C-alpha cells in the first residue's frame with residue numbers, strides 16, 4: 001500500500017497534469033457506475049465510457065487549468081482569498097461544467113438536439129451544485145495542496161457524478177428527483193413477483 005501511494009505521489013510530482021486528469025476521470029466514471037448499480041438493471045458500459053470521455057477530454061483538463069489560474073489570480077489561503085476563489089469557481093466555473101457535461105453527453109449519445117438536456121436541466125442542476133460544491137471547494141482551497149486539487153475535486157466529483165449521471169438519464173437536475181428515483185426503484189422491487 002505504501003509503495004502504491006509513493007508511486008502515485010511521485011507521478012503527481014513529475015507529471016501533475018496527467019496524474020490529476022486520470023484520477024479525476026477515474027473517480028467521475030466511478031460515480032456513473034455507482035449510479036447504475038443504484039438504479040438496478042444491467043450495466044451500461046457505453047454510458048460509462050461517454051462519462052469518462054467527457055471527463056478526460058474536457059472536465060478534468062479544464063479543472064486542472066482553472067484551479068491553477070485561480071491560484072495565480074488569487075494566491076494564498078487567507079479567508080478572504082479563499083472566499084473569493086469559491087465565489088469565482090461557482091459563478092464562472094460551475095455553469096461551464098454543468099453545460100459541457102450535458103452538451104458533451106448529448107453529442108456522444110448522438111442526440112439530435114445536443115442542447116435539449118442543458119436547456120431543460122441546467123438551472124436545477126446548477127442550483128443543486130450550489131448546495132454541494134462551495135463546501136467542497138472551501139476545503140479544497142484551504143487545505144489541499146495545489147498539485148492535488150484536481151484529484152480531490154474528482155474524488156468529490158464521484159458523488160456529484162452519481163447524481164449528475166442519474167439526472168442526465170432520468171432526473172430533472174434536482175436532488176429531489178434523485179431521491180424519488182431511489183424510492184421508485186424500491187417500489188418496483190417490492191412489486192416484482194417472486195420467482196420460484
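Please read every residue number as a count from 1 along the shown chain.
Positions of Cβ are set from backbone N, Cα and C atoms, glycine also.
It should be emphasised that the depicted structure is a prediction, and the values quoted were computed from it without experimental measurement.
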According to Swiss-Prot, do residue 45 and residue 131 sit on the same side of the membrane?
yes
Given the ranges 51-67, 68-84, which one is assigned the annotation transmembrane segment in Swiss-Prot?
51-67
Going along the chain, which residues at least six beyond the ends of the transmembrane segment (151-167) come within the CB cut-off of under 8 Å?
12, 19-20, 23-32, 34-36, 38-39, 47, 51, 55, 59-60, 63, 67, 101, 121, 124-125, 128-129, 132-133, 136-137, 139-140, 144, 173-175, 177-178, 181
I'd like to know the mean pLDDT over the topological domain 'Cytoplasmic' (68-90).
96
